[in-house]
């Protein structure tokens, strides 16, 4: 067992203590009328706040914002927690026990600040509020690692969030001195084009002044890139503004076309108007918001890079599909040569995302935000990405051997050969020491029917045979259920 597997196993063992509730528990919290059993030694070891609370001569009163001290008799019984909500408190405990957390509300779950019943809650107001509440709790209880993780989550959210939510995060980032998040949000607000009188309804005057200063600097910077004509000093500024507005209009038209499955219009925009699909983030948008058929048609245009890193985090479309736990999207991206080993700015691969979701899902009783995941889809996504990664790894090894033997004339092999993939799949499942295989087949499949779906009834037989070769056992009932 590798060091990574050992650490993952240790993390899951500790998290299991939290899930089992009363097992070896020596402290009970009451949060919003619900009891949460925990363990003093773990909380004290992981949080300075809890260490002082349990062991200090003068414990903090932070669990009760009314300021009432918790006496010894109360600390030996049920401890009321009024400073945070149940969901946020449980997310924080999960991180304290395991070092991992997923700050995402349940998919399609009715949320207080989200009226869309089909929302994935990836960047809506409800998702932003949950992340902000988690960040506040992490800072309050002194869990700095969780605070940093939540800041990264918020930085990813605000790229697609509404401008109102961006301003909400902007205020929180200033209040808690989060400079990187402040920079991201302030630039987004500056680029929004909202006039100061509108910003004044949401932001204090000093922040509006900083936003206007950013706009001025940005305008001067862009103007300096173009030669000046002294007879008309305002000409270039107006030209740049018009060009930016034109690009925004193109992107909005492109998204409307994708929403209506009109890929032909997108093609005309690429050929006739010079639309850059990568800069417009067409593929990430289609993966997250459109159907598999639209994504496939967009890829077949040949104008979008399937491995293009988007946003400040550098996520590729395959990263997004992995986060969505969508085997349809994962399959079509891999069919068009998406790289399963590509990393984000933080060094995370699509396989890492699926591994984390797998370990989190196994303990969904302690993770309110992950109960929506369908085990069959998660298992299939993990299997597809693992198989593709194994094939690429072997191909790279073969290419290196050929290069060492000066056999440069050999032709490149297909990325997903039928027999080759089948061999990799069976070799992978015969390795009993592999942590991912144990998680997928012993746990994810333990409480669910082995009923999976066909990925693309309209695709050609070649692609279907490729995926069947990855895992023949998964498709023995493939006509009985559709995703």
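Yeah, the Cβs are placed from backbone N, Cα and C, and that goes for glycine too.
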As Swiss-Prot has it, region 'Disordered' corresponds, among 348-381, 450-483, to residues 450-483
Range annotated as zinc finger in Swiss-Prot, from 111-125, 126-140, 141-155, 156-170 | 111-125
Where residue 114 (Zn(2+) binding site) falls in three-state DSSP terms = strand
What DSSP reports for the repeat 'ANK 2' (279-308) is 17 helix, 0 strand, 13 coil
